[in-house]
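What Swiss-Prot records for this protein:
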type	residues	note
DOMAIN	2-184	domain 'tr-type G'
BINDING	Asp14, His15, Gly16, Lys17, Ser18, Thr19, Asn131, Lys132, Ile133, Asp134	GTP binding site
Amino acid sequence: MNRIRNFSIIAHIDHGKSTLSDRLIQVSGIVAARDFRDQILDSMDLERERGITIKSQTICLPYKAKDGAVYSLNLIDTPGHVDFSYEVSRAIASCEGALILIDASQGVEAQTVANLYLAVDHDLEIIPVINKIDLISADVERVMEQIEEDLGLDSSAAVKVSAKEGVGIEDLMETIVAKLPPPKGNLEAPLQALIFDSTYDDFRGTVIHVRVFEGKVKPGDMIMFMSNDSVYKVEEVGIFQIVRKPRKVLAAGEVGYIIAGIKSLSDTRCGDTITLKTNRCAAAMPGFREAKPVVFSSIFPIGSDEYEDLATAIDKLKLNDASLVYEKTSSLALGFGFRCGFLGLLHLEIVQERLEREYDQSLIITAPTVRYEVVYHDGTSMFIDNPELFPDPTLIQTTREPFIKASIIIPDKYMGAVMTLCMERRGISTTYHYLTGSRMEMVFELPLAEVMYDFYDKLKTVTQGYGSFDYEMLDYRDSRLVKLDILVNGERVDALSQLAHEDKAVERARHACKMLSEEIPRQMFKIPIQGAIGGKIISRETISALRKDVTAKCYGGDISRKRKLLEKQKKGKKRMKTIGKVAIPQSAFLAVLKSDQT
């Protein structure tokens, strides 16, 4: 056990986490040079293209140190995005140490700080690593100052590397062996293992990724999940070295996998504790909670005959993504589909892209919404995440919406622009303070619904790319919410209904009406497009009618002849308007829903 080191790499997005993992893998020599490729731990095409890590990956690296001993370095590669922060916290709980990776040209950013606090909470030994020292724009001295002042770490212990060029990787390996503590644990104690991730194998069922804290587990053992008391028989245990390597036993201090013929990912919850059925451990590992969806949206197939294909695709995707929540729904305008819950907007985008790419689906996705709380006059309350379920306003005493605490790190010259942006989004400024030099951290309390759409992009725009942002959930607060309906030719289109704050409703309604008026083709009669709150119309656009020139055949002569023909046309148009139906094309739905997300 003294020769094991468990660590994770935590960093802000784009600071070179996956590239550093690649170099550590190359130095350990477990992958032949001809089999090696960049971002080797990122198994999805989507991860490679976007340059982000979506799913945690684990790998056991054998390393022969300068003292002649061979060490097992267990690297747990974590996602960097705030949507997956619970996964990151479970991965960190599985380690004794962490490498805090900082880009030499960007410096300390918001998620670096957030993840550092997470590591400190779990009493991890921390090694600061300055990456990208080969860049012309690298300012190592400035970053070392930030490590001292912003993070409160000893900058003299920082290891300087260039993951891309492979500079300083040997030094980093030696530092990991020397600085990080070996795991503690008793081989004879009852089994206590933490689940920090799981994947689905078509042939073997669920593969559980675990860190064993106490005792040992081997094939044939009867294991039990402490959150739901379900029992399974272990078929195989082993470690990860890019591919799964079976072992006879997985013992205290080790990181590996367990296969036990589990058919569904929903049985294996991230953060749960595994023990033996016959010899239970005294307590579960602390910190377990259900992953709760934050953003909700409905997904419909473009053709109603493709519903069964979409159902199969979502079921398969759920096998590899336990945090995706969904139920069946239907819409008068779009037919049958699914109401889905996601961890955040990035999670929604990833699910959409995977359904379109891997399962060849053409989708319509409704405007994302958060979960609101409605309090009735009799004191009872309910949570709603679908505009269709919003009750009659006369029954409601108050509505409440979720707020977040947003931490924004920027150069101070952008303070005014960021303050304006946050105030426009109904933000409340709580504190701000200087970090190093001209860099400052601003803390705001913001409604989650206002951050959901394009806040991050707008922040990058007003700070010319220098702003970084991280958030955590706070609580629910009273808010003036209304249900905004869109009417086309007097008929409500349920798929375009949305919940909005009173102050933003008119702006949203105008925008939706304008987009629809540009996309719906003209008919032989006028089409009014209206935004309404209850019975009150708050915005309107009109698509003018196509007209046939009925007076073309009248050459000269009496004006009353022309008037008679025009009156006849007007009557026909009136009758057409009462019985005419407007078919809304798919492009119109897509235009409105896309514009809601931008």
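Placed from the backbone N, Cα and C atoms, the Cβ positions cover glycine too.
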Drop a 10 Å sphere on every Cβ of the binding-site residues Ser18, Asn131 and tell me which sphere holds the fewest other Cβ atoms.
Ser18
For Ile133 (GTP binding site), which residues of its chain lie six or more apart in sequence with Cβ-Cβ distance below 8 Å?
Ala104, Val140, Lys160, Val161, Ser162, Val167, Gly168
Can you check how the pLDDT averages out over the domain 'tr-type G' (2-184)?
77
Which one of these binding-site residues, Asp14, Gly16, has the sparsest Cβ neighbourhood, judged by other Cβ atoms within 10 angstroms?
Asp14
